[in-house]
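Copied from TrEMBL, the annotated features are:
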DOMAIN    243-299  domain 'MIR'
DOMAIN    313-369  domain 'MIR'
DOMAIN    374-431  domain 'MIR'
TRANSMEM  51-72  transmembrane segment
TRANSMEM  79-101  transmembrane segment
TRANSMEM  135-168  transmembrane segment
TRANSMEM  188-214  transmembrane segment
TRANSMEM  506-525  transmembrane segment
TRANSMEM  545-564  transmembrane segment
TRANSMEM  571-591  transmembrane segment
TRANSMEM  611-630  transmembrane segment
Amino acid sequence: MGSYYINRTFFFDVHPPLGKMLIGLAGYLSGYDGTFPFQKPGDRYEQHNYMGMRGFCAFLGSCLVPFAYLTVLELSKSLPAALLTAFLLIFDTGCITLSQYILLDPILMFFLMGAVLSMVKCNTCADRPFSTSWWFWLSLTGVNLAGAMGVKFVGLFVVLLVGLNTIYDLWDLLGNLSLSLVLFGKHLLARVLCLILLPLALYMAMFAVHFAVLNKSGPGDGFFSSAFQSQLIGNNLHNVSVPEYLAYGSVVTMKNLQMAGGYLHSHWHLYPEGIGARQQQVTAYLHKDLNNLWIIKKHDSNTAGLLDPSSPVEFVRHGDIIRLEHKETSRNLHSHQHEAPLTRKHFQVTGYGINGTGDSNDFWRIEVVSRKIGKLIKVLRSQIRLTHVATGCILGSSGKTLPKWGWEQVEVTCTPYLKETPNSLWNVEDHINPKLPNISLDVLKPSFVEILLESHMVMIRGNSGLKPKDNEVTSKPWHWPINYQGLRFSGVNETDYRVYLLGNPVIWWLNLVTIGLYILIAIPATVTLKRGVQLTSELKELSQVLLRGGGQITLGWLLHYLPFFMMGRVLYFHHYFPAMLFSSMLTGITWDTLLRFCTGFLSSSTTARKVYGGGILVLVLLIMYSFYLFHPLSYGMIGPMASDPSSPMAGLRWMESWEF
């Protein structure tokens, strides 16, 4: 996708464009020419300069360590807690693996951690609002939110975290009676400006650059509307002139608005025996073809008079009852109460009749979404619904692929369920009528806002429709915190360097234990503070750090983890890594606080310092030793698979589900 930006070729992806744009920019600035095919991991780059893109992602991945260090330092005011967090991320094999390849994940996590750090820094400036540093950190929070959202939609989770923090702050300010309502209004406006308007403006600017750069036709065209495609250089709709309004006698193609829904299509082949009525097949076809052409006729007359050059033009209007005659076979678009081939409870759609003569099941009411009766129908722009007059069902593309007898084209049905979805909406693309003047499609081009909304609808549908590829390793959210199963990144045999995405088990299991430990400590600490139990100033301060700092981080972990349990799309192990950053920061804060609590009960300050320092040192050494054991996961394993007793990694396969 970075190559597509360099070549200015339009493509489709389920994520917003910022990450790919930055990778493309890094490649362009470092001399990469955008011609490497990137077919499969392990392909040799030969003369292609990939180092700029790899280096860029690795640099952003490296920034996670100082970001986490500074965040924990700000929340806990403890250098050892911040150092422990930094060690957890430095020596995690999973973070290293994700950061050293050309991936979106390090870019996403960079902006996510940048937003969290900026939010925490802004909170520490709360005692000097509207100062230069306060404005700086508040604005930087907004910039990072736009960045996180611009890389992947899961950036919404950090937007939610910052939003909840902001609501809490404003609620706190509203209860401060020494603050005038005018000053509170200024606080509110500052947050609207920096945390809503600024990110929105930057987010929209990313898409403006995205559409400006990708101005050539490419593999993403078919996912978008005809009006959008007409703007792409090299697309067959670019610089085309067609009549603007639909008229009787016009020859048209109709494109389904569902993503990759195809053109309304028919051919001489019949439905096989046992599949509804044995009439001519009607399908949706993804490519341009003469069999996509249909003639628009009045329901109660033939076409001969309409094609006479001397006869007056009669426009098709919203609410008219029409017939569609297939140009190549002269059969009418037809439906009846036979079941569709694949979709149960939908009606079959066929081609019926001889030389345009059929029956009343060929009548369709043409309607334009959000238009009044009698309005004209515009090429490209009008979203059309075709309602079958006899049964009341709506013509649509189910998105299902027909078997070999249907040439593996897409099933077209008539649905009795009157839901307005892209499946049941169409637009007129090609339009031939010699009696009408042509206009340039440039006149019909969509505005930036329309393109922006369309691209988001396509991305959302694409995201929800993601299915695993053949032999692809997917996982469930409960697998992730326990490090149940990794992902093969490269290498397929004993001589290749095999890289396997798996978290450092000691770090991940320590993080998992710490979440339970945090809950066990936080509950009594909350009750103690609420009941007003007398505590030393040091213990009270530690309890507040644990509850406030640890609470914010725990909320971040929950927001970046729990939503995946409700997602219907295909999920992968790497989706947990943003949540893993929060659990590592929580580990740093929790163990530091726990050791301080324990040493608070020791009478000798020297002993207390030794116990505290020794505890931190043991954790750091344990983390470093586990990295020494598992570092080949990130840097490449060679020799037999770990399931073979002679493999150097055999003793490290602690779980059967690890496939390195």
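Yeah, the Cβs are placed from backbone N, Cα and C, and that goes for glycine too.
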Region pair the transmembrane segment (545-564) / the transmembrane segment (135-168), three or more CB pairs under 8 Å: yes
Contact between the transmembrane segment (611-630) and the transmembrane segment (135-168) (3 or more Cβ pairs under 8 Å, separation 6+): no
Residues in the domain 'MIR' (243-299) grouped by DSSP into helix, strand and remaining coil: 3 helix, 28 strand, 26 coil
Stretch contact, the transmembrane segment (506-525) with the transmembrane segment (79-101), Cβ-Cβ under 8 Å, 3+ pairs: yes
Residues in the domain 'MIR' (374-431) grouped by DSSP into helix, strand and remaining coil: 6 helix, 27 strand, 25 coil
Interface-richest range of 51-72, 79-101, 135-168 toward the transmembrane segment (571-591), CB pairs under 8 Å: 79-101
Spatial neighbours of the transmembrane segment (79-101) far in sequence, C-beta under 8 Å, 6+ residues away: 54, 57-58, 60-62, 64-66, 68-70, 72-73, 109, 489, 499-504, 507-508, 510-511, 574, 577, 580-581, 584-585, 587-589, 591-593, 612, 616, 619-620, 623-624, 626-627, 630-631, 633-634
Tally of DSSP helical, extended and coil residues in the domain 'MIR' (313-369): 3 helix, 29 strand, 25 coil
Residues of the parent chain within Cβ reach of the transmembrane segment (135-168), under 8 Å, 6 or more residues beyond its termini: 15-19, 104, 107-108, 110-112, 114-116, 118-119, 121-123, 125, 190-191, 194-196, 198-200, 202-203, 206, 459, 463, 552, 555-556, 559-560, 563, 575, 578
